[in-house]
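Residues or ranges marked as domain 'Cadherin' in TrEMBL: 84-164, 165-273, 274-392, 389-493, 493-615. The transmembrane segment annotation in TrEMBL covers 620-639.
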Amino acid sequence: MWTSGRMSNAKNLLGLGVSLYFWGLMDLTTTVLSGSARPLTEGQEDNLSDKLHQRMKRSWVWNQFFVLEEYTGTDPLYVGKLHSDMDRGDGSIKYILSGEGAGIVFTIDDTTGDIHAIQRLDREERSQYTLRAQALDRRTGRPMEPESEFIIKIQDINDNEPKFLDGPYVASVPEMSPVGTSVIQVTATDADDPTYGNSARVVYSILQGQPYFSVDSRTGLIRTALMNMDREAKEYYEVIIQAKDMGGQLGGLAGTTTVNITLSDVNDNPPRFPQKHYQMSVLESAPVSSTVGRVVAKDLDEGINAEMKYSLVDGDGLDVFDINTDPNYQVGIITVRKPLSFESKKSYTLKVEGANPHLEMRFLNLGPFRDTTTVHISVEDVDEPPVFEPSFYFVEVPEDVEIGTTIQIISAKDPDVTNNSIRYSIDRSSDPGRFFYVDITSGALMTARPLDREDVSWHNITVLAVELNNPSQVGSVSVTVKVLDVNDNAPEFARFYEAFVCENAKAGQLIQTVSAVDRDDPQEGQHFYYSLAPEAANNPNFTLRDNQDNTAWILTRRSGFRQHEQNTFYLPILISDNGRPVLSSTGTLTVHVCSCDDDGMVMSCNAEAYVLPVSLSRGALIAILACIFVLLVLVLLILSMRRQRKQPYIIDEEENIHENIVRYDDEGGGEEDTEAFDIAAMWNPREAQLVVKNRQDMLPEIESLSRYVPQACVMDNNVHNYVLAKLYEADMDLWAPPFDSLQTYMFEGNGSVAESLSSLQSVTTDSDQSYDYLTDWGPRFKKLAEMYGATDSSGALW
């Protein structure tokens, strides 16, 4: 029979009250001798029952051991003792321990059966171990007892402080909440055994956050503790909560957490304007919807509770100005609602209201949640362009109106106080045809060209008005001119009509239906009347029937048409309209006589087709003519190329004296020489013949004076006349090159009494020359007179 027991010293017993109680009960139920547990006798049990106030008797569960956790001693911790009734203390019994932690956490003395813990035990990691024990014969190894299972339970001590696993906490509560309003519940967890003592019994308290908040010591629920907490005064609170085990007693372990509490906003503050008067200004030229200024009402609340709605509640500008609310910045924007005029009204006064659209009923006593301010707006004067009255003109004018007729008076005025004079003009980009003219001072709009509704039926022109003293100020107005129709166009055929009549046609047969068009557009609609022209009123071949629907039929009056007799008829038709005055025109219907088959299908309408050879069709004739035309073009092209063939520039290269240096020792021909390459001209410019061969690709710019200017002109006129003659020659020369040229002329003239001094034309004898006139030329010619003058027999010059 297995027995077990546990011996504990006084230190261990005093360490835990529960253990003392447990061992006290054990003392009452068992007697432990030498570490063994033995059942009580029947008499002892009766005495115990008296001591326990008649408590019911129960058996002792021997197969459980208890050991404290967190043992810190140096020796192995004694757990208990196993003993077999067959063990007589001689060491013949061997105890063996197996199961959870055997040999690692727990060991057993195989002789005595004492069990010890050799490692630190932690109930929070493992609360119990299940082991098996067996007693063997040490000599034979034979089991002396059946294997028995027992449990070692780890007893808890207070070694874990409470912990807030979800901390730190964030919470919010509306401002102005009543006292006791729940904010948030915090929870601390203690890892110790809640079923054993007070190690896991937690108590909550507040370390920081009073007097604003409180906490329930048992549940950890945080509530408001102060009334009328105002977010605008203080918005954020940091509350520190403590959780302490052992029921909050001295020696218990504690843990803390932080709770960040925010007061959420409520609409408990009415809006207020920081200014009771605003002064603004706006130009009178400000366009509609332009901004004049801004007003703002301050609200200490936030979010939806600070939203504002602005409105105009009073003033003399309610119909001139408007106010809108900017949803982003909660400001009131005053805008122009109607055009302003400094001359009409110079200032306005508005009363603006700002109100909260979202109200809370429990805070209405803090109101009113609206406020007003006064806005004074001054209108500033600007130099405005002229203004037309009315702002749009519509004019109807008949198209036969005479040029210069006034069709409308355009009127504009300067809206400013100065009332400057106005000058009118037409924007020519709106009237490119220049059909109209406006008087510069009176604004009378007149026609400047004939109007034609059939060409342009509508005119949209722009008339400009300019201030005389400030041309930069320009006003404009649109004038729409509708040109009214008059009957000025005669009706005419809608197209060119060409009819065909068969040779076998019968009298009264319809050969053509004609219709007409008229460019006019009468109000009562168009109606045309058809008849044969007076010269064809008694036409024996055809007749006309007016259908009274703007069409007419052309009918044959007889039969027996023959191509070889007459293959074409021209029928004049008179077309009249219903206008006032009535206009008419004559259109000609061309009728061809054709040969037809029995069904009336046209076969041929050309009389010459009968004389064409049967074997030669029209296509063949066209092909022959095309070939002839191509050959003619080729011949002309070849002739043109031959005419443009380039020839040598010089006819005879050996006679080309261009850029040759000519040397001669003869006396020059005087200043009349104008051709540097003509040697003959140097001998006698008056009698030289043209011997130099010209280039074929160009003609001389100006020919020699000796060939084109009459001798009488050279002999009688001076140098000025000579130059004019050369200029006239150059102007009249059609073959001169198109580029500019410089021609130098050297001409001494023929008016000298000494005539030419050249010896080229001198005679061979001196008897024909007389130099007596040299004596009359003065001292400068004295030497020549002595050399050539006549002398008497005495040797004196005479």
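Glycine is no exception: its Cβ is also placed from the backbone N, Cα and C atoms.
Within its own chain, the transmembrane segment (620-639) has no Cβ neighbours under 8 Å among residues six or more beyond its boundaries. Confidence across the domain 'Cadherin' (274-392), taken as the mean pLDDT and rounded to a whole number, stands at 92. DSSP labels the residues of the domain 'Cadherin' (389-493) in these numbers: 0 helix, 48 strand, 57 coil. Summarised by DSSP class, the composition of the domain 'Cadherin' (84-164) is 0 helix, 36 strand, 45 coil.
Taken residue by residue, the domain 'Cadherin' (165-273) breaks down under DSSP into 3 helix, 45 strand, 61 coil.
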